[in-house]
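Quick notes on the structure that follows.
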Amino acid sequence: MALHQPRRATLFVGGLALQDLPAALASGADIVCIDLEDAVPPERKAEARDAAIAATRDVRLPDGVQLIARVNGMLEDDGPADLRALLAHAPRITGLMLPKVVAPQDVQVPASMCVQDGRVLDLYAIIETCEGLEHSAAIARAHPALKALYFGGFDLSTALGCEMAWEPLLYARSRVVHAGAMAGIQVIDSPYADVADLAGLRESCARVKALGMTGRCAKHASQVPVIREAFTPTAREIRRARAIVAQFRVDPTRPLVYEGKLIELPAIRRLERVAAQPVEPESP
């Protein structure tokens, strides 16, 4: 299930700054995304596309790291061109981030192109417009290849005419989380703007995690360790979840009491997701 794959930290690399790709891959991010959209001016789209193919041809991927690309919109000439080129010449890229998704067909069209080409790629949809927010539940269920929704807070705040702050975007975040939960896929938050404020990032990650989000984008590699820590259950939490789930599976029909507390079925479902995570060594 898509919820079990760790996608805690997503780090972007500009399509014209691919000299930074090796460092990004070594940063600890679960997903490294080559940005062919926002980071590239219109007159250099083809150049960035070719550079991404060249830079990834012989790239070595650390274990557990997925390399994806944010392509241009499918309604623009560069979007289909990005997709065709990556499908044909970039086998190390195993996922596509789709910008400004407003309807299910914005996921289904690239998914069909992948199938026709014989490639199985993970898809990630950015919800960053009012129309996308309105249709987020249908988008989340658009295709089995869709693994997560990304919350595009910066563009969405502009579209809504609101501040890029917690309270003004709380409804929008909650609605995207609800859409992801209904479809059984993850929801990943937009970056924390102040790269130097790691304490603020840590607090903000705790808030969005409590809301139900499972990861966050990073503007800089220095943010990755904080994001990973915030969205990673501790070894103790994973072992506890595994013990509870194992006890539940002995007889799912009986009420489950663990350490003196009644564990309800909704909590079991959440603990199953925690139990499926790999145990990482705890910091001393």
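A Cβ is built for glycine as well, from the same backbone N, Cα and C atoms used for every other residue.
Database features (TrEMBL):
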type	residues	note
BINDING	Arg70, Glu128	substrate binding site
BINDING	Glu128, Asp155	Mg(2+) binding site
DOMAIN	8-220	domain 'HpcH/HpaI aldolase/citrate lyase'
Rounded to a whole angstrom, what is the C-alpha distance between Arg70 (substrate binding site) and Asp155 (Mg(2+) binding site)?
15
Sequence gap of 6 or more, C-beta under 8 Å: which same-chain residues meet both conditions with respect to Glu128 (substrate binding site)?
Pro99, Lys100, Phe151, Gly152, Gly153, Phe154, Asp155, Leu156, Ala159
Measure from the Cβ of Arg70 (substrate binding site) and count the other Cβ atoms within 10 Å, all protein chains considered.
24
Could you say whether, by DSSP, Asp155 (Mg(2+) binding site) belongs to a helix, a strand or a coil region?
helix
